[in-house]
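Database features, via TrEMBL:
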| type | residues | note |
| --- | --- | --- |
| DOMAIN | 5-170 | domain 'Hydroxymethylglutaryl-coenzyme A synthase N-terminal' |
| ACT_SITE | Glu86 | active site, proton donor/acceptor |
| ACT_SITE | Cys120 | active site, acyl-thioester intermediate |
| DOMAIN | 192-366 | domain 'Hydroxymethylglutaryl-coenzyme A synthase C-terminal' |
| ACT_SITE | His216 | active site, proton donor/acceptor |
| BINDING | Lys221, Lys225 | CoA binding site |
| TRANSMEM | 367-386 | transmembrane segment |
Amino acid sequence: MASSPKNVGILAMEIYFPRTCVQQEALEAHDGASKGKYTIGLGQDCMAFCTAVEDVISMSLTAVASLLEKYEIDPKQIGELEVGSETVIDKSKSIKTFLMQIFEESGNTDIEGVDSTNACYGGTAALFNCINWVESSSWDRRYGLVVCTDNAVYAEGPARPAGGAAGLLLLKANLEAVICLMPMTSTSPILRVNTLFQKLEGKPFSISEADYFAFHSPYNKLVQKSFARLYFKDFLRDASLVDEAAREKLAPFSALSKDESYQSRDLEKATQQVAKHPYDAKVQPTTLLPKQVGNMYTAFLYAAFASLLHNKHDSLAGKRVIMFSYGSRLTATMFSFQLHNGQHPFSLLNIAMVMNVFEKLKSRLEVFLLLTALTFLGISLVILCLRSHLLHGKA
């Protein structure tokens with residue numbers, strides 16, 4: 001019996017997000033919220049949104065077509081297509097059904113895979129489905145394609161600034177993978193990240209053993225809290241893992257029970273303060289797209305990873321990235337990637353060039369500047385109300 005494929009991982013990535021957006025500062029002013037409520041309280045800078053003629057299907061079609069073209073991949077080379085999404089457009093058809101038109105044109109109708117829906121975890125479920133296919137006897141040596149796409153629209157009120165939209169693609173195989181999955185063991189997100197962190201590789205694990213962390217990112221403040229919790233976990237396990245100033249700051253909280261520690265606002269504030277330096281080094285490079293685009297549900301974890309590739313692609317070879325995925329109080333997984341430079345077109349440099357994050361953000365801002373902030377905000381809120389009505393039956 002043939003051995004399972006080794007070095008299963010990601011060869012290529014592409015991301016698409018709408019060019020239309022609302023600055024969170026402008027939304028604060030419009031909503032009559034206190035200054036900083038969305039930008040500091042949530043930690044968000046901007047929120048992308050789909051116009052009335054754009055949705056998760058069109059975003060996915062655009063991203064798939066772009067990935068195939070830019071990496072010069074024949075559509076016939078795709079053997080698995082997995083989609084993660086929680087945005088329902090057609091209750092009788094999967095998003096994959098619509099994406100198949102790209103492959104049917106080339107005569108490729110033999111593609112395995114389904115849509116996965118489990119809140120924000122759907123993208124990771126799709127990723128692992130694809131990994132399992134590559135590692136199985138069913139793998140026919142073609143590529144697997146993972147699509148994570150969502151449009152997060154909330155009705156007017158306190159939840160609206162936590163919206164966003166994007167489509168993100170991951171091309172998978174086991175042949176010279178640039179981003180290799182490392183085997184690991186995999187309420188609230190902070191409770192889950194705390195629990196899973198104890199199980200990594202079946203032994204005690206420290207923040208110092210990974211170079212970067214990408215988190216479940218509906219809004220950036222939750223990311224800050226999640227990393228701070230891991231820092232506190234290191235302190236409890238071995239105080240020598242944190243610096244002297246941090247030990248003094250955290251010592252008063254060492255006797256708290258687990259439940260008490262989750263409820264303590266003083267501890268939450270203290271851990272974020274003492275964890276700021278490692279956060280800036282290990283987490284901040286992953287936060288660009290989640291802060292600029294907003295809540296992407298199934299896509300935001302991988303948008304965080306895309307942010308890291310954008311910011312650090314020239315220094316990532318040999319680095320280890322911890323990924324934390326979470327879905328609606330039911331499912332969570334912590335896993336890691338080991339990165340390699342790769343060879344063109346499947347190289348870290350080319351992935352960053354293809355995603356072209358800087359130009360996409362710049363182009364979006366140029367659209368914003370074509371109109372006055374007030375006019376654009378008014379138009380955007382009308383569209384958001386319309387989409388909220390279409391998706392939820394209310395504005």
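Backbone N, Cα and C atoms are what each Cβ position is placed from, and that goes for glycine too.
What TrEMBL says about a protein is an automatic prediction, not a curated fact.
Counting other CB atoms no more than 10 Å from each candidate's CB, the recorded positions His216, Lys221, Lys225 peak at His216.
Neighbour counts of Cβ atoms within 10 Å were taken for the active-site residues Glu86, Cys120; the minimum is at Glu86. A separation of roughly 17 Å, to the nearest angstrom, links the Cα atoms of Lys221 (CoA binding site) and the residue listed as 'active site, acyl-thioester intermediate'. The recorded positions close to His216 (active site, proton donor/acceptor), defined as a CA atom within 10 A of its CA, are Cys120 out of Glu86, Cys120, Lys225.
Cα of Glu86 (active site, proton donor/acceptor) to Cα of Lys225 (CoA binding site): a distance of 25 Å. Cα spacing between Lys225 (CoA binding site) and the residue listed as 'active site, acyl-thioester intermediate': 18 Å, rounded to the nearest whole number. Model confidence over the domain 'Hydroxymethylglutaryl-coenzyme A synthase C-terminal' (192-366) stands at 90, taken as the mean pLDDT rounded to a whole number.
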